[in-house]
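Chemist: Just passing along the structure, written as structure tokens.
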Amino acid sequence: MMREKEELMLRLQDYEQKTKKAEKELSDQIQRALQLEEERKRAQEEAERLEAERMAALRSKEELEKQAVDQIKSQEQLAAELAEYTAKIALLEEARRRKEDEVEEWQHRAREAQDDLVKTKEELHLVMTAPPPPPPAYEPVGYHVQDSLQDEGTENSGYSAELSSEGILDDRNEEKRITEAEKNERVQRQLMTLSNELSQARDENKRTHNDIIHNENMRQGRDKYKTLRQIRQGNTKQRIDEFEAM
């Protein structure tokens, strides 16, 4: 039973680790997507600023060209101003093209991040919706009690031979009192206890006093079935009561 419990604990821990890993990956993808969006916005704003400067330069150029027609200016001064603004426009257009390429690159990376985010959400959904590992199957306690009592009867045949026929009949009547409903109720209690132990095992600080006693008994190799074989006195009802009281 301890080996099955340990296997179930390992499977639960693996399930929790996968869930935490998927959640961390999802958080990282969201953070990365937000950062990429911020970079894209900054690049877009820079491209818009450069475009505004380019348009302002174009307006200045047009104004200068108009002034060249309307006003009498020195041809050298006008040519110098035109050359200056023409060069500035060329630089701004080159900077604008670079920013447009940068915006396109950020948009591409943002789409990739969005695709990764969608995949991560799908993986997390699969992990979260996957059914937890089933609990180990347990045989009814009454079955073990009867086996233990049969083994005890075999080991202590000399003692049983001394019992009177009336005592044997009393013992059988006591054994028949363990009905199937009682066995099922006992199994349900054991399953509930195991579920509580598994939940408490996730946080060692939440272990109860009974958990500590149980773990100490298991560490020393003591359990109900071994201890039952040590009970050699009393009738069947008494032995069963002692077994259940452990």
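Note that Cβ sites are derived from N, Cα and C of the backbone, with glycine treated the same way.
Taken from TrEMBL, the feature coiled coil covers 5-123. Residues or ranges marked as compositional bias 'Basic and acidic residues' by TrEMBL: 200-222. The domain 'Ezrin/radixin/moesin alpha-helical' annotation in TrEMBL covers 1-117. Per TrEMBL, domain 'Ezrin/radixin/moesin C-terminal' is recorded for 171-246. Look at TrEMBL and you will find 149-174, 195-222 tagged as region 'Disordered'.
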Chemist: Using DSSP, how many residues in the domain 'Ezrin/radixin/moesin alpha-helical' (1-117) fall into helix, strand and coil?
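Modeler: Its residues fall into 112 helix, 0 strand, 5 coil.
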Chemist: Mean pLDDT across the domain 'Ezrin/radixin/moesin C-terminal' (171-246), rounded to an integer, is what?
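Modeler: Across the residues of the domain 'Ezrin/radixin/moesin C-terminal' (171-246) the model's pLDDT averages 56 on the 0 to 100 scale.
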